[in-house]
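Questions regarding the structure given below will be posed in turn.
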Amino acid sequence: MLIKLLTKVFGSRNDRTLRRMRKAVTVINAMEPEMEKLSDDELKAKTVEFRARLDKGETVESLIPEAFAVVREASKRVFGMRHFDVQLLGGMVLNERCIAEMRTGEGKTLTATLPAYLNALSGKGVHVVTVNDYLAQRDAENNRPLFEFLGMSVGINMSGLPAPAKREAYGADITYGTNNEYGFDYLRDNMAFSPEERVQRKLHYALVDEVDSILIDEARTPLIISGPAEDSSDMYRKVDKIIPHLIRQEKEDSDTFQGEGHFSVDEKARQVNLTERGLIQIEELLVEQGIMEEGESLYSPTNIMLMHHVTAALRAHALFTRDVDYIVKDGEVIIVDEHTGRTMQGRRWSDGLHQAVEAKEGVDIQNENQTLASITFQNYFRLYEKLAGMTGTADTEAFEFSSIYKLDTVVVPTNRPMIRKDMPDLVYMTEAEKIQAIIEDIRERTAAGQPVLVGTISIEKSEVVSHELEKAGIKHNVLNAKFHAKEADIVAQAGYPAAVTIATNMAGRGTDIVLGGSWQSELAELENPTPEQIAQVKADWQVRHDAVLASGGLHIIGTERHESRRIDNQLRGRAGRQGDAGSSRFYLSMEDALMRIFASDRVSGMMRKLGMKPGEAIEHPWVTKAIANAQRKVESRNFDIRKQLLEYDDVANDQRRAIYTQRNELLDVTDVSETINSIREDVFKATIDAYIPPQSLEEMWDVEGLQERLKNDFDLELPVKEWLDKEPELHEETLRERILENAIEVYKRKEEVVGTEMMRHFEKGVMLQTLDSLWKEHLAAMDYLRQGIHLRGYAQKDPKQEYKRESFAMFATMLESLKYEVISTLGKVQVRMPEEVEAMEQQRREEAERLAQMQQLSHQTDENEAAEAIAAQTGDRKVGRNDPCPCGSGKKYKSCHGRLS
């Protein structure tokens, strides 16, 4: 109550921010007459003037009023479009490291030109980040005339571009590209073998479009570049044949309960667990198939990999559904993004899950992958000096933006008042009743000439609705991952009178639905249209536009609630753009996933008791409140998972930055001989100390062992025993010096054979190759450590602290191994001719190219590990003997981890 009163008196933080910025808008508006008087050349010259002022020490902030006024005037001349005052506000929000929430249709693309121009003046580059290649190309081409008019260059960073073209795109003042491509380029740059292979500059300013989709929805999926590991496809096929023999255990209170099954499914945590009966059954089947020996246990240490195959196969069958989580096209399993409904060509699930799904679908199984480099979007975007973003729906996630990215959210007012009518949800008992009600609603609205957009959460659901519409004889378009190429055309015409469009989730995001359809796309179909034809197309569009407005504008139908309120709001936001009329309604059933998992059984019980007749809907604030609570629960859980993922990745991030900094320094220098000499001294000291401990008696020395080690690991044949026999006065310090002197002498002779320049080149190549090889092994070791670390919770230890401690120890060991391996390799490799170094270099290049071609850009399912880690932290709470084991196995505690204690 008190907070509401204070907000009323002083205004919210959002109001105060906008009040401050409106003063600057007044200044920009006052400059407009002055800018209008400038000739085109004088307006263009302003860019050169601003850059000169920055060089003299002025700040970017001091240029805001004048720079924004210049961009607004240039936009009027190039596009015939003038930035509204609210767009100037949005531009200022984006310049202040904030998230700007701007409603659909408020011109986010034009707003972005203001901060992009302002921050590109420093010459350090601006990255505009979009969710797909189509939007990156569209926005770049649309804004190119404006930026080029102002003397700025524009680049497009597309996937699949060769390195020189990418370097050129990054060298531009303003670069457009997708979040994935920027992230993968960063990883690839840190795998380069020469400075010329790198494409990115220093990360200066990122302006993220649809920021909620990229920084929140995608934050659970790290970017991973991986290469092929050993082939185990045969095992996936064998294990896959066993899974259909297993029976899923239903809940005891369900109608289909038939006693204990073989495995249980936790839909909330996306986990599958074997029951006691299931373990016995699967062991018998594995023995029958000849995969496991009689009397062996699936949980024995020798069967760890087999357990991995069984778990992956169970998850593939029980949790992943064709046409919902993936599609099969041309004999290939392609992931469908759960957030956008788009197919993700080239992305693969990790942990053997993708191979298990391939075995299930009977397509060719591709090899498992080994991680070569990885980073989360959270850590990638925090590398930028300055980060900002815009979206139509950010306010529900403001806390997360603030706590993880240190970005405040500012809600920018609309240019015209919003008049869309959002109707309450209708809840039906069954899915079939709900679909029937949706069809009737569509029939009534299209009869009145009103366009309808139906939002579904999966390809499967969109095809069910499509099938029912076909039966009802209603013409419609389907927009889902299967028809990706036609996406923009379908969205452009979704505002036609009586048009019906079915869209998966947020497909078509970033393209406005114009009431009456898009006259631009009609013109694009005409070859060299005459002025009369253009006028006719526009006149026809105006008639259609007015007819749609009269019928009530675009109507949105949601076929079920999404896990996140934000994505529901995005669907609603497709209607009512720029003050147009519009309406929306969600249709739900008690069989929907969200209702089934989170809304309690009491709701369905209550509906049955009320004596609801088939086809009847319930519309009550209690139900709406129950749904909102369920969504809040899911959002809170997903936030915990993302936060957990980030806390673990922060540990790896510190190590990644240290390695990448070291690697880039190594790439930029030509002579690493000083470093080699320094680490040679460290390596030989440690090696000699292992056989001749400091300040020890001669009886404790293992001279023969030392001689053998020097010969085997460094190809150094030194008569250490002979020296000691002939010179009794030799003590450990002088002996160490003599061994080192001999090692340096042998190395110098090797250098004389190939020449100094070639040797420096060779040293650098060996260091890079060794660093990459050990870093790759370290990443795999970190993955294994991560998978089991949550079990430390049973020992009352904090898994995160344990992970930090152990991974640091592993990192320190890796650095020591790096020194040893480099000196050992340089000592053992016999180089007799300069051509041999060239040949080795060529071989390394070919191997790097081969790996690059086989690299996978994969989509990791880290949320499961994070969920496990959350679940395993039991603290001091005592687990009862008959309680379910906290590890999620489905067994009682006494039969699982309780037995161990």
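Even glycines carry a Cβ here, placed using N, Cα and C.
Pulled these from Swiss-Prot:
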{"type": "BINDING", "residues": "Gln87, Gly105, Glu106, Gly107, Lys108, Thr109, Asp512", "note": "ATP binding site"}
{"type": "REGION", "residues": "853-901", "note": "region 'Disordered'"}
{"type": "BINDING", "residues": "Cys885, Cys887, Cys896, His897", "note": "Zn(2+) binding site"}
{"type": "COMPBIAS", "residues": "891-901", "note": "compositional bias 'Basic residues'"}
Report, as a single number, how many Cβ atoms besides its own are within 10 Å of the Cβ of Asp512 (ATP binding site).
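The answer is 18.
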Return the residues near Glu106 (ATP binding site) by Cβ distance under 8 Å, restricted to its own chain and a separation of at least 6 in sequence.
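Glu106 (ATP binding site) has long-range Cβ partners Val86, Gln87, Gly90, Val412, Thr414, Asn415, Arg577, Gln578.
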For Thr109 (ATP binding site), what residues in its own chain, 6 or more apart in sequence, show a Cβ-Cβ distance under 8 Å?
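Once residues fewer than 6 apart are set aside, Thr109 (ATP binding site) is near Asp139, Asn142, Asn143, Asp209.
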Can you tell me whether DSSP puts Gly107 (ATP binding site) in helix, strand or coil?
coil
Using a 10 Å radius around its CB, how many other CB atoms surround Lys108 (ATP binding site)?
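I get 22 for this one.
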